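Only one structure is covered here, and it is reproduced in the block below.
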Amino acid sequence: MLKVFNTMTRQKETFEPITPGVVNMYVCGPTVYNYIHIGNARSAIAFDTIRRYFEYRGYQVKYVSNFTDVDDKMINEANKEGITVPELGDRFIAAFKEDTAALNIEPATVNPRATEHINEIIEFVQDLIDKDYAYPVDGDVYYRAHKFSHYGELAHLNLDDLEEGASQHTNDEETARKEDPVDFALWKGAKPGEISWPSPWGAGRPGWHIECSVMSTHYLGETFDIHGGGEDLIFPHHQNEIAQSEAKTGKTFVHYWLHNGFVTIGDDNEKMSKSLGNFVTVHDILKTVDPQTLRFFMSTTQYRRPIQYTQQNLDTAERNLERLQTAYDNMGYRLKDAEAGNDPKVEQETRQIVADYIDAMDDDFNVQNGIAKVHELARLGNVYAERPVVFAGTLDFIRQTLSDLLSVFGIKFAAAATLDDDRIQALIDERLAARKSRDFLRSDEIREQLKSQGIILEDTPQGTRWRKEN
């Protein structure tokens, strides 16, 4: 029974989709004024892993993730570069697709742009005005937060406290136009030189929150299963989406709210931010880090937990991924001399590991326990491959199962590659270092990795030599 942690109720709940066998989910995408940073990647990878697990369990998933392609950041960056907002958006949407493809993130079913839905946004805002949930002021339109009785519920915040905080942080000019400091913009009147669209309230552009309400309900309906995003979006963004959408439809907007944790940088666990100078883009990281390593590192931490981005943690992820690859290669190597047939006992052990894996992942996508079962299966495969007599059917079964479980994390096994002399020597040097540090497990893994690719090591008093298998 699959359970998810619902931010709205602050507890794990049994997942029951609106339509049996179908999951409709919306995840807030990036504002496309720059390359995505690792915080954006963390969210994209976390929810891609969740999506993949739903698909592994047999669900049909409709996955919608938007591009915010008009807002203050977009306008400021476009003006700085002397280009149009659409030109800026096109450039970084293309960059987003390139980065996410490198990380093996499945394309969304739909990737809507806010600017593709301006007419719907205007109609949505007008409906809120007609229902007295919104009011126009000098070309802007604001939402009456106090009129929505559940405002603040998602973040478990009190409206009175929010009003006090908003009055302290809102600029005087904007506060003077609002009925209440906590009211928020649905439509922003155009300033000179800004991109804008005509509306009943004058030329302007949509507010950030209304964009997601319109796009999510357009593609998934007035009520859908899952809404996801980073925990920094709980308030005000997701709370405002709820207020807008439920005021318009009178229906529950979303059944399950899922939020991923932050990324911290370095050994000091600093939260990533531009002001601290530790802002890191995926575009830059992938110049020096293998995409599969970054993907594996980020997808094997439970989505609600923070991730500590350090070189040491990346190195650990790389080693763990190499161990899994080595096990996969070892079994592939033994297929050459395997006998026809199956080993029912070993295959039953494999099925039990899969059952345990599902139990782990059904518990709010507990990837730490899930990946532990993947490693357990790899060990089973390694041990079986060392037997004098092995059966091809069983080797194939374990290898395919290992591949299937790991694919949930967005990882693909590499085909056995031809090693050049430099790579062989690098692995021999790594094996020597492992033996000196008494890491005999890693030493043996390297020997088996090379053996699986036809390279035989011979330890002599003069050092380690290698030869190609005849």
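Just so you know, glycine gets a Cβ as well, placed from its N, Cα and C.
Record features (Swiss-Prot):
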BINDING   C28, C212, H237, E241  Zn(2+) binding site
BINDING   K274  ATP binding site
MOTIF     30-40  motif ''HIGH' region'
MOTIF     271-275  motif ''KMSKS' region'
Legend entry - Positions whose Cβ lies under 8 angstroms from the motif ''HIGH' region' (30-40), at least six residues beyond its ends: 67-69, 71, 73-74, 76-78, 88-89, 92-93, 95-96, 99-100, 230, 262-263, 272, 279-285, 298, 309
Inset, instruction - Around the recorded Zn(2+) site, report the further residues of that chain (criterion: Cβ within 8 Å of the mean position of the Cβ atoms of C28, C212, H237, E241; site residues excluded), sequence-ordered. - result: W208, H209, E211, S213, S216, H227, G229, L233, H238, N240
Inset, instruction - Please average pLDDT over the motif ''HIGH' region' (30-40) for the predicted structure. - result: 95
Inset, instruction - Return the residues near H237 (Zn(2+) binding site), defined as same-chain residues 6+ apart in sequence whose C-beta is under 8 angstroms from its C-beta, sorted by sequence, else 'none'. - result: C28, W208, H209, C212, G229
Inset, instruction - Reduce the DSSP letter at C212 (Zn(2+) binding site) to three states and note it down. - result: helix
Legend entry - Spatial neighbours, same chain, of E241 (Zn(2+) binding site) - Cβ under 8 Å, 6+ residues apart: H209, C212, S213, S216, H227, F253
Inset, instruction - Please report the number of other Cβ atoms within 10 Å of the Cβ of C212 (Zn(2+) binding site). - result: 26
Legend entry - Counts of helix, strand and coil residues, the motif ''HIGH' region' (30-40), according to DSSP: 3 helix, 2 strand, 6 coil
